Structure formats: structure tokens, C-alpha cells
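What follows is a single structure, written as C-alpha cells, with notes after it.
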């Protein structure tokens, strides 16, 4: 019968297609011979990659089971999306950097290999040297799922030439006088803008979209995006309303910050100050402007610090998961951790001293390292993070957009944020 | 008897008219075996072999993904956990309950309508102008067509700089004393900006198609109309438009389908904002599937998109009887 024959042909064709599709997978396929490891990273900085490759080359000398270790830079803006797309497409890396804002998703999902045993049994690793506070975000059920290879406090880079040109006291002078707070920082930024035409202060990577970077500002008011248990929205709290009202005035009235749709790169000399992490020090030009690095200004609730974290984990889907975990143990051992410390503040307590960090951070003074990095890590709160953060972030971003207009009703906008995200937080 | 002989013998039995009758004439005797490799079968095999690569490509890269999308829409796929659970019609129920969807469809509709109107009108205007015998018209044709071959992302990034609050567009407006808006931060201006960027990117393609159609309109029709005293405008509406109506249909289908698939411009310029004013269906689908990891719901949204594209294409195709006055 024609119909029956047609059905058979169709079935055979579909079977062939499914077989073809299956050829593309192979997540669990056995693998023999020396392994090639791939680690996704969000830096394409040549100095960073050079150091990684040096460590990897050293490791390969004593590990014949590893043929190659590749560092695969993914674009910073869509890093997590690209990573999860690779995982969905059956092309998961062996090791991956993970942002703090997606840590809850990765850690609780079971996507990562537990690392405790491997790290503890690695000779001379010094697992107990890892600061417990830095491990918290990366643990679940008492197991460690990623190594917090970078716990990087936010500080303020200052273009001292620009501030002096505008007749302003430098932050160092304000710190010495006990006057380094957001009121004075915004006033200096406003004056710098008025006098030089350059931007005052820029919260880097915020750009009126990456709102979680604003936590480096509103934490000074004691405000939080959501409660510690992640169940209650914090955008309507009096502290947040106060913080955002001050920020709105700073942007639209005092011009202390460049407005929406205006870009100003501090490292190109286009702004007087920028809030960012010390790893960005590598962007400073040797013969550029005079600069300084100082802690975040004090808020109404006093001194505070905010840290951005990045974890390094091994994907369970990796064909060489254990080999990848072994490399992770080498990559982050005490010796290599000290090398990496020049860019990424380590979680090792023994290395969190100004003297140790100064050896690998020639651009920063021991005083800067103590005040910004060590004190920051000791007292800092991690940037907002929550399970399902991508969806939450999108809702907050969209709901906050009406705030970035000169005539915005700050309280009403913040009420709108909570109306949108409370159902997601309550899930 | 060899196969060659058999085929040759059957070939000779064909009528001299060159007809394609495959069966030999006359009653078949018991025990006669018809040769399997008849010329007809051989021709069929050759034909199938020729289309096999295309069929395989379509099956693997078109049909299979379509089937998989339907399959995924019935599942919840947690990429990180590695789970893939059947949820039945849950994703379709979520579609009905999605409070963001009306806004997304509105943005999609606004973008498509705006793009189709601006693109087709500008392309036709440019084609009519460049169809004149003017000095330098080839240079202008090349200039207007060149954005079509420029990288879409590069094009959009450049426009992103131009549309900044302190960007090139407002700089130009400032020189004539106009205080330009913050194009990408206002809900209306953001949508308008995305449409304009897309129009300038692709208007050249439609322009070339219109130009080719215009050059196919016989000159004597205009001469006859002029003799009859028809104005230029009347000639355009009564002669040009009817005769290029097949091209108008083609370009409108291409533009509508293209408008429903816009992604890079939104991702680079506005990321769906401000608010959700430029969150069109494809971008929303991307967010759900790849940013929020709701792959099942993303697949369901892609089926909605497929249904919309199909419905609009069929509708336009059916309406060709009214639109298209001349179709070869």
C-alpha cells in the first residue's frame, strides 16, 4: 500500500535524522588518550591570558594525561548566556568561571562537580587557608562547588589631575580629614564636571542597565535589593528611596554622573572618578594622568564595602571532569594563587596581606591594598545574587527604566520595581 | 539478455512521438518478467539523486528543528541540572497566563507596521528617482545598496553611537538649534530609532527589486498615457503600480517576515528597553530560552512566532488577487 510505504519511508527518514542529531551530542562518551581541557573565562586581557597559559604549560610538563589546556574568552556582557548555551548544545567546557550573580543557579542545580575532596587531598594545597566567608556563596549542603578565585572589592579610581584642575580636594585629602563620604564625593564630581566638561563619577558597567552595580552605592545607605533570605523586595525600603533620591538628584540636577545614553571612560581620561574593581588597574596607561585608588565613600550608615566574586568550577558534563578538578587544584594552589593575586584577590587568608599583594601589584601601594582590598574583603558584602537572577535582573532593569528621566517620581518607580519582582522572589 | 539490451529493446518500443509511455504495448505472456531498471525508473532515480542533497539539508536543518521545537515545547528543560521533563500543555497554559505577552505582541506589531510602511515607501521612492536618466545615478544606487552588504552588528553599533544623547544625530540637530531627544531612552523614540536603523540597513534590497521591476514597464504605455493627457501622478498609479504589483507583493512578504525576525538591532541598541517598549517577540523568546533558561517556554513562543509568520504570509498570498494586477 502506498500509504504504508510512505509511512515507512518517513519513519526511516526520521530515524536517520535522529541518529544524525545524536551524533552531535556525546556528552557521556568515553574518552581515551591525553585530554584536552577547555576553560571559559570572561577576560580577553593579554596579561591575564599570558599568566593562565604559563600556569597551564607548567602543569602539562608533569601531567602526561593532559594534551592541551585552552582558555576560551567569552564576551563579558553575555558570558553566562553563552556558557549555558554551550552546555545546552552539548559543548560544555571542562572548567568555567562563574559570576556571583549566577552562583545560586549553578551551585544548587548540580551542574558542578564537588571540589572539597580533590582540593583537600592535593598535597600542600592548604584547604584550611581559604577564608570561610569567601566560600559561603559557593557551598551547598556542606560541599564546595566552585573555588572563589577572585573576591574583588570595589573601590574608587580617581583622576587626581582632573580634580585638581577643578579646584577640588582629592579623595586622599578628604580621607585624611575624615570627610570621604558620598555627599562630598558627589559634590566633587559635580564640580569637576562643571569646571572641565568631563564626567564626574561613573559607576562602571552600570550604564543604566546593569543595576546590580548600583549596590556599590546604595549599600552605603544600608539598602538591599532584597532581604537576606531572598524572599522580600528591598526597593521600597526608606533607605533605598533615600539612596535613589540622592542619586537621581546627582544625575539630573547636579550633573555629578553622566546621564543615560552618555558614555565616559575613566581610563581614557573622560571622568574624574569611577567605581570599579582593582583588576581594572591594568587599563591605566603608564604615562597617563595622575591617579589614586581609594575605598568607597562612606554612606549615611558609615563605612562599607561591596565585593564582586567569581568562582571557578568543573562542569559535571565534562568528559574529563576529574582531570579538570585536578588542574583546578593546581591552578589555585598557594603558589599559583599568589601569582593570580596580581589581578584577582585570592581567598587565601595567608595571602591577604599588604606585603604579599604588593609583590604582585606593583601599581598599587601597600596602603591602597590594605584599605581597599584587604579591609574590603574582610568587611564586604557580595553584590546581589539570587536563584533565577537573570529573570529578576531583567524585571528590575525594565522597572527601573522610568527612574532615569529628569521628572521621575522616585518612590513610585521603586514601588513599581517591587510589584514586578515580589512574585518572583516569593517563588 | 543483458540489462543494456533490455533497456535498448524497451527504448525502441517507445512511440516515435517521443511520448513517455513506459509500458510495452500488447498483452503480456505468462512468465514474462518486466525489467526492473526501466528508463522511467532510471530517470526517477536520477531525479531523486539530484534532489537528495537538498532534501537531506532540508530534513536535517528545517524539518527536524521544527519537530524538535514542538517536542521541546511539551517539556521543561533545565540545562544546568540536565533534566528534561514532560510537562504536557503547561507551557501553552503559561502562554495564556503571561502578562508580558500583550506588550511584546504590541511592540512586535508596531515594529512590523513601521518597518513595512517606511521601508516599502522609501524603497519605491528611491527606485523611482534612480530610474530617471540622471548623471551619477549608478553611484547613488551603489550608495543606497551598500548598507545591505555591511555587517548587521557593526552597522547597529555605529548607529548606537550616533543615537546617544551626546551622539552624532543630536550633534547635527544642535547645529540647527534643535535640542534632540535621548533617542534610545524614550519609549517612542527608541522604537522609532530601531525602525529607522533597520530601514536604512535593508532599504537598498527592496530598492533594487523595485528598480528591476520599473525597468520592465514598457515605455510605450507611458507615451500613450501622455498622449491621452494623463498626469505623472496618474501614470504612476494607473500604470506603474499595477505593473510592478507582483514585486510589491514579493517585497512586502519579505519585509513582513524579516520584521518579525528582528533580533540583533534590539539586542545591541536597546536590549528590549526602555521598560519593555522594544521587546519584540524574537527578543522575548531569546530572553526566556537563553537568559532565563526557560527553554520549553521559549520553544512555545517560537511556535507562536512561526504561526504568525505563516498566517501573515498565507494572508498576503491570498490577497494577491486584489493587489496583483499583473502576474506572470
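Quick reminder: no glycine exception, Cβ is built from N, Cα and C everywhere.
Worth saying up front: this structure is predicted, and the values here are computed from it rather than measured.
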Transmembrane segment according to TrEMBL, located in which of B:276-297, B:298-319:
B:298-319
Taking B:79-99, B:142-162 as the choices, which stretch does TrEMBL tie to transmembrane segment?
B:142-162
Is the number of Cβ-Cβ pairs under 8 Å between the transmembrane segment (B:298-319) and the transmembrane segment (B:110-130) three or more, considering only pairs separated by 6 or more positions?
no
